């Protein structure tokens, strides 16, 4: 399918002064695609040139259209010397290759230089004419849509979810080539940016080909990562979920339905909710969009390390308890048989989605993870990346076997990551083992009778909590009780999962962000000795991280974790672990037991007194947390709950039929179940430190909530005021007498102070919630710790939420809190005195932008195809897959950009803070410009996947690499939809257009 690419250079503005004599510039432009280059005329002596060039035409194959970026270089003409480069613009042509997407790219693009940053803007118009080619041997995948969002896009319907797609490409890193010794830093950076752009395009094309082979037309949950392996080379890899999507053409699908989510669900068969509940986790106003996304399920297990499958806390094969009482064994057997046959033909039945349609997940079995330590070697042949492929195949095979051991045949919420230091690389993968409904995996399933069939066979609202394994064949003891909701099937006492909370899950109270942080020193070593030391440390780190999560979850009085993300980072002399998740109280699970401290030194009065004092503090903290998060579950008589799991010696006396019975209740053993306390033994100073660390987490100030999932459980009435922010903080440690305890304290202080500074800066938005909080920790150099956090602050109407969420069960849970105006409850200590040396303050910037009413008015006609003359106000940016108070009407394509910034005058640019802030602000500006040129007005599912910072203070130098991605979309405010809608306007929708962005 060859095509014709047409480019027109219109004008430039705000160019830098390149001729010191005249304080002006003689600018011209080179337009390059592939091996063909065109040049404009030189526009003499102007900082705002008007080229108005002719149309430059490139006749190329569609394979090149997908692989190659359009390069636009702005230069200053010199008569007697080499032309000076002003900057470059890379434009991805891929969004123009979709039949439903934009037909033209037109707008002002920032001219970017890797040394000086943004240096003016250039107005470019790009068009593509494609010729249809049905050649079955073609190497392009034009028309396959890519989405970063990990749920089904809002204005689409999933026909089939095909499954996992992955690919990786390798090459030599230009930064480590011999020619790099003789070329300028600018030339080296630009060679690197161009190569990464080429590899990214090639990767998308290859994944698109795999999707076409599976007869799909889209990739959802697309995650692309760069592995900078130094001298070993450069690896670009990606994973995603292949789907067949249908565009929802019905205008009714986009109408607002503020307080009636069920109205929208009935318009879309995939989202039929057969069992509405007044206190579901999905908010009403923003999540009118969310009804298009898949409702996830939950699971519980410890992460199983690559060497120890038995760490998984969700047991093995067998049918075990079903998902609903009316579903008997025959249906479950048939369901499992169908699903297994549907998934057997797939090598890896993985899904990168974190949200699913109701009924897609039948059961979940637990968090499964695998890690592997590898030694990097040089990539000899870039065309044959078998080594890296084999590494990841091993990891995926292990994940698959872990899931099978848990009685599950699929893994959802799947993700992969790496951590590289010198020659050592840690490969990590994690997901949630699950049993899936085969109807969504086969063709012809989404027809008219789907709603009726779903109502017949769907599990109840608590079905995802029920165990998918046979309780009589568990490889380890676990506490199971009868479900507190249906009281017919067994549930574990705790659930861990890597996916989002289902919109139909019944939760009590609100959720909160729970983090486990851990540092471990290691000796400096080389090659195999280093890899061995890391391998020996990993299992213990995972165990300690898991223990921290369990303790903090119980301290909060909650019983489930969602969105669990564990990151292990390797440095030259230390390993760091950071786990983030959102804790909630699920109504279907038993009330968590308390935490009991047991000492090992009897007959010591002062010690016993200290232990009792600590025990009292823990009990008080649990009580305060239950009040803070409004956790007050209704009392259920223990006779209803059922019996605990028998000991192994008793199991042989029980018949299998008894495990299927939901009516027989044996005598209750009060030593099990919800009466059981979690015992912490204090036998050394490390154990005491662990207990102290439990009590050092300061709760957020009044009016603030935080979570790492898209939506805060228990909060329903969001307003349309949002602020996205990115914060980077770097500290340098002193190597003198550094111990594990001191390292842990410094790391804890760093993360806590980062959160405190965010609460302080966002205090004017109270009451608000920090959603999608994403922490990333890296060790760029010896004794240097860098923490990057991105999140979005969303305000909510607290009074309205109190009125709308009250139910007969929950009236006792609601408190009429009147402390909204109260600010901080903690002393603000942004620079901890305990740090051995000065921490760098965060790269600060307050770029608060307000969308004018005029700009918002332009959104009214956004349902029409974007044209060259269309104007876009402020381009919104959010890590969420939706925009509160708005409807997404069109997806314009994926934004995937990689930038390098280098400076040789670090101190003059404001130090690390000024340098990082300026670079991040420039990245935002370039992302916004590309989205606006496509005719979009927002970026959703935005993520900063990499932020690699390196500095050399002695030479006053620094370098930073940033990789960002997201989905460019067109959205319409619900207030605008009400004007054009023929239906009755809905109420209780706030449509304030104030939105900003805080970059710290």
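The backbone N, Cα and C atoms fix where each Cβ goes, and this holds for glycine too.
Residues 639-669 are the range that Swiss-Prot records as region 'Disordered', among 608-638, 639-669, 670-700. According to Swiss-Prot, of the candidate residues 285, 601, the site noted as phosphothreonine is 601. Looking at 53, 197, 706, Swiss-Prot tags one of them with phosphoserine, and that residue is 197. Other Cβ atoms within 10 Å of the Cβ of residue 81 (Ca(2+) 3 binding site) number 6 in total over all chains.
Same-chain neighbours of the Ca(2+) 2 site beyond 19, 76, 78, 84, judged by a C-beta within 8 angstroms of the site's C-beta center, are, in sequence order, 18, 25, 26, 75, 77, 81, 83.
Taking every protein chain shown into account, 26, 78 are the binding-site residues, and of these the Cβ with the most other Cβ atoms within 10 Å belongs to 26. When the recorded positions 81, 84, 197 are ranked by how far their Cα is from the Cα of residue 19 (Ca(2+) 1 binding site), 84 comes first. On the 0 to 100 pLDDT scale, the model's mean across the domain 'C2' (1-109) is 90. Residue 84 (Ca(2+) 2 binding site) and residue 197 (phosphoserine) are 23 Å apart (CA-CA, integer value).
Put simply, of the binding-site residues 26, 76, 78, the one whose Cα is nearest the Cα of residue 84 (Ca(2+) 2 binding site) is 76.
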